[in-house]
Amino acid sequence: GGGREPQGLAEKSSVQTVGEEQTQNPYTELLVLKGHQDIVRFLVQIDDCRFASAGDDGIVCLWNAQTGEKLFELHGHTHKITAIAPFSSSDAFEEKRHLIITASADRTVIVWDCTSGRQVQKVSCFHSTVKCLTVLQRLDVWLSGGSDLCVWNRKLDLLCKTSHLTDAGISALVELPKNCVAAAVGKELIIFRLTDSNNESEGWNVLEVKRLVDHQDNILSLVSVNDLTFVTGSHVGELIVWDALDWTKQASECNFWDSSVHPDVQPEIKLSQSPNETSVQHLTSDEEYVFAAVGKGIYVYNLQMKCVIACQRTAHDSSVLHIEKLPNRQLISCSEDGSVRIWELREKQQLPAEPVPTGFFNMWGFGRANKQANQAAKKMQENTPIYFLELVGDLIGHSSAVQMFLYFGELGLATCSADHLIILWKDGERESSLRSLTLFQKLAQNGDLQLKL
C-alpha cells in the first residue's frame, strides 16, 4: 500500500532512547483494560484504589486500580464527554459519598454515585456544551463553564450564573483564594468572585471583577501553584505567572524557542516551527517549579528565579499532552505519538571555567551597559546549579495518542489513549512478590506447609 506514515513518526529522534536495561523504570508489567469504544480522554481518581475513565463514546467506566477490574459502566450520555470532576461529600450525618460529575456534548451534566454506579441527578438546561467543571470544596458548590459560568449546589440547583460571555466560551477554570476563580475565555482571563449572602432572599451571586488581557493568543492551560500564585499558558508559548490575590503579572516566559536561551539551536529552525510547536498544552506544579508541556518539549520553570532551569526540547516525536511530577525528582510525560516517558531531573556537572552564555543576560532582562547587573547575574549563575532531564523509562504499549494518565503511587500508573484502551502499568517486581506472598498464604491455609512458629 502507498499509505503515508503519520507525521512525526517518520523521523525518530536519535537522542531519546533508553537502553534495554531501563533500571530506573519500575513499570515492567502491564494490564490492558478494555471498556471503551472510542478515544478515552479523561481519567479521574476517586480514592486510593479507584478511578473513572471517560471519552468520546459517552460511557463512564469505574475501575479498580489494583486489579484492573471494571466495577461499573455508566450509561447516560448520548454524545462525547467533555469534562469530568470528582465531588466527594462529607456530610456530618452520613459517611463519605464519592460522586463524580460528567458533562457532555449532549448538553447535559450528570452526577453519579461511585459506590452504587447510579445516576444521582441530571441537568439538561444548558444552551451549549459545558467544557469544564470545577468543584469548590470549601463552599460545597461546583461550577460549570461553557458559554456562561454557572454555580450549582450538590442537589444540582442552579444558584446563579453569569450572562452569556462569548460563543467560544470558557475553556478552562482554576480556583483562586477568597472565593474567586479564573476563567480562560479565548485570549482573555476573566476573574470572577462568588458571594453567598446568608440572607435567604439574596442568595448567591457571581461577579466579574477583572479582565486580564496579557496573552497574545488563546489560553490553553491554567494551574494553581499555591495560595499566592497561579500560572497560565497560551497557544503561542507564553507562560505567565500571576499573583493569585491581586491578579497582577509577576513574571512571564515566552522564549521557549529563543536561540539566546538555547545557544545550541540554529536560528533557522525557528522559522520552520509549525504554530503548535510552541503551544503550552499542559501545566503542572509543585511549590517550587512549574512544569510545562510546550510543543514536543518539557520545560522546568523555577518560580523563585523566574527562569527555565531545565528543558528537553524534543521529549517526544509529537506534542506532549500531559505531564506530572512524581515524588522522587521524576516527571512523567505522554504524547500524541503514543509514548509515555519517565524523566529524572539531574544536576549538570559544570566546569568552573565555563564562559557565561550571552543569552543569560537577556534572560534576566539585564542591559549590556549595566555592569553591576552583569556582575550580579554572573554571581547568580555561578551559584545556580543547571539541571537536565534524563530519560530513564519508556513505556511502550499504546498504538495511538496517549491523552493523559493518573499516578497511583505503588499501585502504578494508568494511561488512556485514542486507541480506545486504558493501560495499568505495574511495578513488575512488586507484583511478582505479591503473587508469591498470596501463593504462600494459600499453601499455608491448605496446610501444605507445616509452618513452625
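Each Cβ is built from the backbone N, Cα and C atoms, and glycine gets one as well.
Features of the protein shown, as given by TrEMBL:
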{"type": "REGION", "residues": "1-22", "note": "region 'Disordered'"}
{"type": "COMPBIAS", "residues": "13-22", "note": "compositional bias 'Polar residues'"}
{"type": "REPEAT", "residues": "33-73", "note": "repeat 'WD'"}
{"type": "REPEAT", "residues": "92-122", "note": "repeat 'WD'"}
{"type": "REPEAT", "residues": "313-353", "note": "repeat 'WD'"}
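The list of residues near the repeat 'WD' (92-122) in space but at least 6 beyond its ends in sequence, with Cβ under 8 angstroms from a Cβ of it, reads 44, 46-47, 50, 52, 54, 58, 60, 62, 71-74, 76-86, 128-133, 135, 142, 144, 155-156. Note on the repeat 'WD' (33-73): DSSP counts are 0 helix, 23 strand, 18 coil. Here the repeat 'WD' (313-353) returns a mean pLDDT of 90 for the predicted model.
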